[in-house]
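Notes follow once the structure below has been shown.
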Amino acid sequence: MAESNCTQATEFSLTGFPENLVTQVTLFLMFLLTYLATILGNLGMIVLIRASPQLHSPMYYFLGNLAFVDLCSSTVITPKMLVDFVSEKKGIAYAGCVAQVFIFDLFAITECFLLAMMAYDRYMAICHPLVYPLVMSPKCCFQLVTGSYLMGLTNGTGQTISMSNLSFCGSSVIDLFFCDISPLISLSTSDTTLSHIFLRNSALLFGVSSSLAILVSYTAIIFAILSIRSADGKRKAFSTCASHLTTVSIFYGTSLFMYLKPSSDSSKEDKWAALLYTVVTPMLNPLIYSLRNKDVKEALRRLIKIK
């Protein structure tokens, strides 16, 4: 509950990076290149999937949505961060902060469930290939993707409501490069018990449930691959999962570290973990899938007419 004599903060200061000019210029150029690579990579992946008939399959339908989510989640964070590097006043209005919390949390959880749906797709393709076309029909894929966005919308709405119930009467300095719900809860001067409970429970409900779905899917996949007699068959089966496993490891490792660790352990590691899953991972995903996927490389060759 808000304090009676509280002057609510109308703006927050973002102090996630050092004030040293040389460091700021270096980071600005580094993150500008990273963001440009993110835009080109994810937009290129979306266009390639839509323009290539051989990529019109459930696996690439999910991948196209993953590229869209990565593009949106990066755009919510990185442009504002780049502006702050060249601005004297590194601040964000309260309304802008609320918008960042809502949109970023929406796409973060959507990505969690999209990765889980992609694991389920690989499970059906490897463990039940005969019924795969029937189960992973266009209608089913659309429903799975829609459900992922609805889970993200539920989380984003819940986190926004949680933030709107907090009072910020003291410090308005956020020791991070964007508005995240966790440091905002720590910054609040009101009772944050319920907010902490909601944050942990939402992380457990959405993050752990989707990661559990991935774990169960890949446990079944591993047993199915081990039952394949030929070494070449095992290699081909595993190669279809390698890119997804790489993406899952990076995304879930950093995000679960951020939201499930004890709040008293806040340190520089938070910033690096946040940088990895908000700025770097959206750039890496299209690279991982394009460099390791023969279908994507072949589709790209055909699209640009390189024999």
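The backbone N, Cα and C atoms fix where each Cβ goes, and this holds for glycine too.
TrEMBL lists 27-48 (among others) with the feature transmembrane segment. Long-range Cβ contacts of the transmembrane segment (27-48) within its own chain (Cβ-Cβ under 8 Å, at least 6 residues beyond either end) map to 17, 55, 63-64, 67-68, 70-71, 74, 78-79, 81-82, 85-86, 279-280, 282-283, 285-287, 289-290, 296, 299-300, 303.
Per TrEMBL, the feature domain 'G-protein coupled receptors family 1 profile' maps to 41-289.
Taken from TrEMBL, the feature transmembrane segment applies to 60-79 (among others). Within its own chain, the transmembrane segment (60-79) has Cβ neighbours under 8 Å at 31, 34-35, 38-39, 41-43, 45-46, 49-50, 100, 103-104, 107-108, 110-111, 114-115, 117-118, 121, 141, 144-145, 148, 177-178, 278-279, 281-283, 285-286, 289, 295, counting only residues six or more beyond its boundaries.
Taking Cβ pairs closer than 8 Å, the transmembrane segment (91-118) reaches residues 8-14, 59, 62-63, 65-66, 69-70, 72-73, 76-77, 80, 144-145, 147-149, 151-157, 159-160, 163-164, 178-181, 184, 206-207, 210-211, 213-214, 217, 244, 247-248, 251-252, 255, 278 in its own chain, all 6 or more past its ends. Annotation comment: TrEMBL describes 91-118 (among others) as transmembrane segment.
Annotated transmembrane segment per TrEMBL: 203-226 (among others), in sequence order. Residues 109, 112-113, 115-116, 119-120, 122-123, 126-127, 151, 155, 234, 237-238, 241, 245, 248, 252, 255-256, 259-260 of the same chain, all 6+ positions outside the transmembrane segment (203-226), place their C-beta atoms under 8 angstroms from a C-beta of that stretch.
Positions annotated as transmembrane segment by TrEMBL: 238-260 (among others).
Counting only same-chain residues 6+ beyond the ends of the transmembrane segment (272-291), those with a CB under 8 A from a CB of the stretch are 31, 34-35, 37-38, 41-42, 44-45, 63, 66-67, 70-71, 73-74, 77-78, 81, 104, 176-178, 180, 243, 246-247, 250-251, 254-255, 257-258, 297, 300. Taken from TrEMBL, the feature transmembrane segment applies to 272-291 (among others).
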For the domain 'G-protein coupled receptors family 1 profile' (41-289), the mean pLDDT of the predicted model: 85
